[in-house]
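For reference, Swiss-Prot has these:
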type	residues	note
CARBOHYD	232	N-linked glycosylation site
CARBOHYD	314	N-linked glycosylation site
REGION	1-21	region 'Disordered'
TOPO_DOM	1-27	topological domain 'Cytoplasmic'
TOPO_DOM	47-338	topological domain 'Lumenal'
TRANSMEM	28-46	transmembrane segment
């Protein structure tokens with residue numbers, strides 16, 4: 001009985017499983033048929049359609065990405081030009097007076113919006129090629145700077161101040177050219193006093209810019225002003241058309257104006273009265289204008305910059321600053337012991 005009952009249970013289980021096997025078989029056949037149909041349709045399609053479709057998809061994705069990049073870049077504000085201020089220290093061998101002049105310049109440069117780079121050139125003794133006091137002072141100013149040292153020779157003290165100033169400016173030009181520092185270059189000294197508007201207007205210069213400079217002689221009680229005569233052009237830009245000198249004798253209470261509306265010679269166009277774009281230092285088209293046999297033909301020379309500045313002035317491409325008639329003085333040079 002027990003065995004019979006066990007056989008009955010087995011029979012019942014086999015009967016309950018038997019109806020499910022055809023369902024599983026039908027599902028497998030349906031799945032295989034669908035896969036076969038998809039493969040058949042894929043095989044009937046033209047082979048060249050697949051690369052074209054893939055290439056079109058890649059092109060669309062690239063186009064969408066580029067549109068996103070263009071839209072983001074168009075909304076990004078334009079980066080202002082870098083202002084490079086070169087300060088030479090040839091006028092004072094006294095460290096205290098040199099520190100006073102550098103501190104005064106640093107206070108003005110701290111008020112200028114970035115980007116700004118301050119290049120300070122200083123002579124150092126040959127046996128000790130370092131200037132720690134000046135380096136510490138520059139770090140405390142909070143102005144982005146580079147301290148350039150020039151080896152001091154035995155005959156440097158007997159050299160004229162103008163020649164020492166030119167040598168230091170050549171060191172700064174060589175540094176700008178070697179490192180491809182792109183921006184507007186302004187030469188200055190320890191005795192220069194800047195109006196903040198001048199430093200802001202420098203970013204509008206594309207090639208050369210000029211402005212009036214007032215030289216104050218405290219001992220002779222006299223002020224001499226040199227600068228460009230400017231006109232407005234049809235394109236609403238201010239260009240130079242002449243050069244003027246003005247001597248004002250504070251003791252006599254009068255003034256004398258002479259040599260107006262004339263082109264300036266190279267010796268008159270002092271580099272402290274104009275700024276230039278540094279890209280001209282590595283522009284080969286400008287090098288070819290002057291023979292290499294000429295003295296100071298190198299693009300790293302201040303004389304080269306002066307000659308190019310006079311050439312731009314004669315072509316009436318120099319920008320006059322700061323207003324339509326270039327009448328505002330925004331740079332004063334104090335003739336003192338500094």
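Cβ atoms here come from the backbone N, Cα and C positions, even for glycine.
The C-beta environment of residue 232 (N-linked glycosylation site), restricted to residues of the same chain at least 6 apart in sequence and closer than 8 Å, consists of 238, 324. If you average pLDDT over the topological domain 'Cytoplasmic' (1-27) in this model, you get 56. The local packing around residue 314 (N-linked glycosylation site), expressed as other Cβ atoms within 10 Å of its Cβ over all shown chains, amounts to 12.
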